Amino acid sequence: MNVLLGGLVIFATFVTLCNGSCYVIRHKIVPGETIKECTDLKGNKHPLDSRWRTEDCELCACRDIEISCCSLVSTPVGYDRHNCRKIFNKETCKISVVEKTDPNRPCGVSGWIS
């Protein structure tokens, strides 16, 4: 029974870690033309085969047929929403969960969704 329970915990952790928030932007391909750079959603140009972090805490990559971007932010789940609140730090791309009455005291979080 303990082996089964341990396996389920590992599986649940794996599913949580793999539940990423990503999207893809396909290039407009013109026959006979070669892609040398990518243009992101804000109009910024990036060299082919480059990677960058956006202001919105996403990690993006420029490839020959698309730009792919994935969120770097993990969202807390399973915490006391009545007594605690989330604080987002845009510089570190992290969310912390703290007590509403004392923001210096962290709250317990049972899981994170990436």
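Placed from the backbone N, Cα and C atoms, the Cβ positions cover glycine too.
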Based on what Swiss-Prot records, which one of Cys60, Cys62, Cys69, Cys70 is disulphide-bonded to Cys22? Cys70
For Cys62, which disulfide partner does Swiss-Prot record out of Cys18, Cys38, Cys93, Cys107? Cys38
Which of these, Cys84, Cys93, shares a disulfide with Cys107 in Swiss-Prot? Cys84
